[in-house]
Structures are given as C-alpha cells and as structure tokens.
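Reviewing the structure listed below.
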Amino acid sequence: QRRVYRTTTHVPQELGQIMDSETFEKSRLYQLDKSTFSFWSGLYSEVEGTMILLCGGIPFLWNLSGKISGRAGFGSEYEIVQSLVFLLLATLFSAVTGLPWSLYNTFVIEEKHGFNQQTLGFFFKDAIKKFIVTQCILLPVTSLLLYIIKIGGDYFFIYAWLFTLVVSLVLVTIYADYIAPLFDKFIPLPEGELKQQIESMAKSIDFPLTKVYVVEGSKRSSHSNAYFYGFFKNKRIVLFDTLLEDYSALNKEPAEEDGENEETKSKTKNKKQGCKNEEVLAVLGHELGHWKLGHTIKNIIISQMNSFLCFFLFAVLIGRKELFAAFGFYDTQPTLIGLMIIFQFIFSPYNEVLSFCLTVLSRRFEFQADAFAKELGKAKDLYSALIKLNKDNLGFPVSDWIFSMWHYSHPPLLERLQALKDAKQE
C-alpha cells in the first residue's frame with residue numbers, strides 16, 4: 001500500500017471527473033504520512049509489548065499493586081482490590097507511553113494537513129478528562145465482573161456474559177446523552193428546511209426519530225461524521241457540524257474568541273467544507289439504511305455470540321496453571337490476569353480472523369446501505385456527497401487490493417460510486 005502511495009502521483013483516468021490533481025496530491029501525501037506514522041507506532045507497540053513479557057512486566061506490576069493495596073490495609077485475600085490497582089496502574093502506564101504518539105499524530109500530522117483544530121491546553125484537558133471518565137466506568141464494571149466470576153460457580157461464564165451484555169447496552173444507551181456531552185457540545189438542530197426533510201425521510205421508513213443534534217466536532221478536528229443511536233422507539237440522529245456546509249465553522253469568517261472558542265484555534269480555510277442539505281439527506285439515507293436492513297441488530301448479535309464463546313473458552317482454560325506460569329505467575333492465578341492472558345494473547349489469532357470476517361461483512365453492509373439510499377431516490381446526491389467527504393477527509397481513492405480487502409471496513413470510493421451508477425442492484 002505504501003508503494004501505491006509513493007508511485008501513484010497522477011490522477012488515474014477513471015478518477016479524472018471526480019478528483020482534481022491538487023486534492024489528489026494532498027490526499028496522497030496525507031495518507032503516506034499516516035502510513036509512516038502507523039508503521040513506527042505499531043513497531044513501538046510490538047517492541048514495548050515484547051519487552052514487557054520478556055522482562056516480567058506483568059507479574060512485577062501485579063506485585064506492586066499488591067504492595068500498594070497492602071499499605072492501604074487490604075491484604076492478599078482482597079484480590080479484587082489488588083486487581084483494580086493493577087488495572088489503574090496499567091492504564092496509566094499505557095496513557096503515558098501513548099501520549100507522545102498521540103501528540104505527534106495531532107500536532108504534527110493532523111496539523112500539517114490542516115485537520116487539527118486543538119490547542120495544546122485543550123488537548124491535555126481532553127486527555128485528562130477521558131482518562132478520568134474511563135476509570136469511572138472501567139473500575140466499577142471490572143470489580144463487578146470479577147465478583148461474578150468468583151461467586152458464579154460452574155456456570156459463571158453465563159452470568160459474566162449476561163453482565164457484559166447489560167453493561168454494553170446501558171453504555172450504548174447513555175453514551176450520547178451523558179458521556180459524549182462531557183467532551184463535545186451538542187445542540188438541537190434548529191427548526192428549518194433541513195430538520196423538516198430529515199423528519200420526513202425518517203417517517204417515510206418508520207424510523208422512530210425523536211431528536212436531531214449537531215455536535216461541535218470542529219473544536220477538535222475538521223474530519224466529518226454522522227451517526228444515530230438509541231433503542232426501541234427512542235432514536236436520535238447526530239450530525240457533526242463539519243458535515244454540514246451551513247454549520248461548519250471552517251466555512252465561516254473567524255469570529256472574536258470567547259468562552260469555549262478560546263480553547264480552539266481560529267484558522268482561515270481557503271476551502272468550502274461539508275455537504276449541501278440534499279447531500280446530507282443522502283448520507284442519512286445511507287445511515288438509516290443500516291437500521292432498516294437490520295445491520296445494527298445483526299452486528300449486536302454477532303458481537304454477543306462472540307462474547308459468549310470467549311467467556312465459555314475462558315471457563316475451559318482458566319484452570320490451566322501452565323498458562324499462568326508461562327507469564328510468570330507460579331504461585332497464584334489471579335482472575336484478572338487470566339482474563340488478560342486468555343483474551344489478549346491466547347485469542348489473538350482468532351481475533352484477527354474474526355476481524356477480517358467482520359470487515360468483509362461490513363463492506364457488504366455498506367453496499368446494501370448505499371443501495372437503500374438509492375431506492376430512496378438519493379443516488380445522485382449520495383454520489384456527490386461521497387466525493388465531497390472523500391475530498392474533505394483527504395481519502396486516497398487508489399488502494400492495493402490485498403491491503404483494501406484486509407483493512408477497509410468501507411468499500412473503496414470507486415467501487416461505491418460504480419455501484420451507485422449501475423442500473424441494477426443485487
């Protein structure tokens with residue numbers, strides 16, 4: 001794929017009507033920089049993980065956790081307390097070692113290519129807030145999961161799976177209402193033509209829409225997105241301001257800084273960003289197609305079947321002392337360490353195969369959602385929206401077929417555009 005980035009320096013003939021040479025070159029350089037960063041950050045991650053294993057980092061951190069919890073008055077019999085201290089130290093270590101890479105990605109690569117909208121102060125404030133919120137969710141959930149495994153008896157894997165199912169459903173339900181607003185500002189889409197058209201389209205396919213929000217994503221990045229969430233008869237749609245041509249801060253003249261704007265950069269862009277109302281409706285037609293065709297439910301079912309299988313195999317393997325011994329635990333078999341060994345290491349090859357299968361399925365779902373939008377009469381607008389979004393996000397439309405097959409959860413741009421032009425859909 002890097003060879004494709006390096007050698008494809010001219011717009012291919014089939015892209016001549018879609019992308020100008022300047023945008024093509026910008027996207028090529030952006031993806032080349034991202035590829036280089038991904039290689040080095042991935043290499044570092046592998047080296048770090050290998051050194052932790054070879055040097056006994058996991059048992060060292062577990063023993064350190066025991067000493068810390070012991071000083072707080074919790075002896076070795078309080079395994080769950082020691083597990084939580086271990087988890088806190090491990091995530092703190094991961095956050096600290098990952099910080100330089102995140103800084104470089106944000107303030108060098110994203111900045112260089114015109115996507116970063118954050119100041120250094122906003123970045124660190126955001127990172128600290130994310131760490132705290134993550135711990136507030138991770139630690140209580142983990143403690144309850146470990147407790148269920150401890151008292152669950154022979155069928156603990158069923159109870160553990162049911163618990164994680166409930167937690168995942170609760171988090172999906174509350175995320176956009178209570179968690180996401182901690183980081184971004186959500187405002188209801190004002191009354192007007194766009195809102196009326198969205199509500200009309202939702203009603204035409206029986207989508208139980210209750211609210212439409214615009215999220216101020218431009219504080220953080222100029223990348224664009226849209227999604228819906230909620231269960232049963234309480235669905236909400238969220239549009240990033242960078243998706244909407246009329247709302248994107250990058251299309252407006254820089255205003256005097258006040259309040260939250262002091263935390264973001266005022267940058268004058270020489271480009272028009274976002275989509276027109278008709279194109280936004282086409283994008284939403286695609287997203288609603290995922291709902292109408294049952295893709296969301298199918299993904300949840302697949303995820304939970306996989307989760308149940310993993311907990312079942314965990315129950316089979318947790319008693320194997322040689323697994324713990326291989327990672328430096330000769331005298332104890334902590335449940336949290338067992339979860340880490342089995343889920344992170346033993347299942348690693350299986351997870352790669354599963355990820356590929358889900359990527360293949362995702363691409364099939366994307367084609368089906370595009371076809372659904374076409375049936376709504378949105379083919380022309382979706383066609384132009386995909387081109388605009390590809391341009392705004394500097395997506396590179398040429399890819400190596402093996403790389404694309406393995407990594408791209410969405411079909412390449414040319415394939416989607418060709419499918420939209422075809423007279424018949426499967």
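Backbone N, Cα and C atoms are what each Cβ position is placed from, and that goes for glycine too.
In sequence order, ALA226, TYR227, PHE228, ILE237, ALA369 constitute the residues six or more apart from GLU287 (active site) in its chain with CB-CB distances below 8 Å. Summarising the annotation, TrEMBL assigns active site to GLU287.
Sequence annotations record features per position, and here TrEMBL assigns active site, proton donor to ASP370. Under a cutoff of 8 A between CB atoms, and with a sequence separation of 6+ in the same chain, the neighbours of ASP370 (active site, proton donor) are HIS286, GLY289, LEU382, ARG416, ALA419, LEU420.
The Zn(2+) binding site annotation in TrEMBL covers HIS286, HIS290, GLU366. For GLU366 (Zn(2+) binding site), the number of other Cβ atoms no farther than 10 Å from its own Cβ, over all displayed protein chains, is 21.
Taken from TrEMBL, the feature domain 'CAAX prenyl protease 1 N-terminal' applies to 1-185.
Per TrEMBL, domain 'Peptidase M48' is recorded for 188-422.
The transmembrane segment annotation in TrEMBL covers 80-104 (among others).
Residues or ranges marked as transmembrane segment in TrEMBL: 131-149 (among others). With a cut-off of 8 Å between Cβ atoms, the residues of this chain six or more beyond the transmembrane segment (131-149) that come close are 79-80, 83-84, 87-88, 91-92, 95, 156, 159-160, 163-164, 167, 171, 179, 182, 335-336.
According to TrEMBL, the feature transmembrane segment maps to 155-176 (among others).
The transmembrane segment annotation in TrEMBL covers 308-330 (among others). Tertiary neighbourhood of the transmembrane segment (308-330): same-chain residues 53, 56, 58-59, 62, 156-158, 160-161, 164, 337-339, 341-343, 346-347, selected by CB-CB distance under 8 Å and a gap of 6+ residues from either end.
As annotated by TrEMBL, transmembrane segment applies to 336-361 (among others).
Using a Cβ-Cβ cut-off under 8 Å and counting only residues 6 or more beyond its ends in the same chain, the transmembrane segment (80-104) has close neighbours at 37, 41, 44, 48, 61-62, 64-66, 68-69, 72, 74, 123, 127, 131, 134-135, 138-139, 142-143, 146-147, 150, 334-336. The local packing around HIS290 (Zn(2+) binding site), expressed as other Cβ atoms within 10 Å of its Cβ over all shown chains, amounts to 20.
Just so you know, the Cβ of HIS286 (Zn(2+) binding site) picks up 24 other Cβ atoms within 10 Å once every protein chain is counted. Long-range contacts of the transmembrane segment (155-176) within its own chain (CB-CB distance under 8 A, at least 6 residues past either end) are made by residues 137, 141, 144-145, 148-149, 186, 213, 229-231, 236, 238, 303-304, 307-308, 311-312, 314-315. Cβ proximity to the Zn(2+) site centre (mean Cβ of HIS286, HIS290, GLU366, cutoff 8 Å) flags the following additional same-chain residues: GLU287, GLY289, HIS295, PHE365, GLN368, ALA369, ASP370, PHE372, ALA373.
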